[in-house]
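Asker: Per Swiss-Prot, the features are:
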BINDING   121, 125, 311  Fe cation binding site
BINDING   143, 144, 145, 146, 147, 176, 189, 286  substrate binding site
């Protein structure tokens, strides 16, 4: 008779951008319970600057990490001594924030005598559909976030094959830029989505980059430029933008992003050898995008709950749990990494990693 999988309790820590997070997760990898997930947002700290300021973010992480860990422990109803291992985002991201998290995790691991597991932040997002929907490997993932956009064949807890990605800006960075151009608050993704609800997505014709080229690569830099020119043309012609102008621009932009990602997803799916299709990352919270992607295939489709799309520590704890079950642990030489590709064998993307707060 086969023994039941061991139940483990993992503390996860996340601090790669502008959210400080801690979570407690328990179970074997195929039967997980999230006991707590605490996220402290820095949105108000960065609002006046129109984007994330790395120095402010790093300082806020250092001041907040202890508090979110304490709250996660209290919510889960456990003590630090009950934790079996500590998983922490070790990259990629803003180096000051990543370093704050890694140092905090090292201190806890050393003081408690617990194993330490460094987690690739992108792996946390990539494995979220398995956490929430139990997808079987291999599945196709569209990882779409503030600093990244790539198609990955997820073959195992630490095995990822990149099929394509953005050659310049990530969609999340493009949403933020469009929001700034239109005077909408940050973060730009939710602001653009809200404004688009009252907009006409057919009013303005915007380019759909790289659809004339084969493959799964994407580009969003030219789309941002097109929105800038559209805005400037309306301002010059009418002396300013009306609320309807803003709504229509947002709706048109959002529709183009969704249609481009949907078409590129069809191409990635045509490569075959996957059991399901999933989307993850912060931009995956966009409902128009989710609806467009769900229509591209008859395979099972997974889009995690909104709270697990944006940055959080539960997905880091889960990735750490799977790595720990696979026998990987790190020691006190674990370093913070500003860049950390999931598919280390793939050639670097043109322009990859140069734009966005989390690049």
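Each Cβ is built from the backbone N, Cα and C atoms, and glycine gets one as well.
Burial and contacts for the listed features, if you can.
Answerer: Same-chain residues at least 6 positions away in sequence with a Cβ under 8 Å from that of residue 311 (Fe cation binding site) are, in sequence order, 14, 16, 17, 19, 21, 39, 121, 282.
Counted within 10 Å of its Cβ, the other Cβ atoms near residue 286 (substrate binding site) come to 28, all protein chains included. In the three-state DSSP scheme, residue 286 (substrate binding site) is classed as coil.
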Asker: Of the binding-site residues listed here (143, 144, 146, 176, 286), which is spatially closest to residue 125 (Fe cation binding site) when Cα positions are compared?
Answerer: 143
Asker: Helix, strand or coil for residue 121 (Fe cation binding site)? Use DSSP.
Answerer: helix
Asker: Including all protein chains shown, what's the count of other C-beta atoms within 10 A of the C-beta of residue 145 (substrate binding site)?
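Answerer: Residue 145 (substrate binding site): 26 neighbouring Cβ atoms within 10 Å.
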Asker: Indicate whether residue 311 (Fe cation binding site) is helix, strand or coil by DSSP.
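Answerer: For residue 311 (Fe cation binding site) - judged by DSSP and reduced to three states - the answer is coil.
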Asker: Using DSSP reduced to three states, classify residue 144 (substrate binding site) as helix, strand or coil.
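Answerer: Reduced to three states, the DSSP call for residue 144 (substrate binding site) is strand.
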Asker: Residue 146 (substrate binding site) has how many other Cβ neighbours within 10 Å of its own Cβ?
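Answerer: There are 28 of them.
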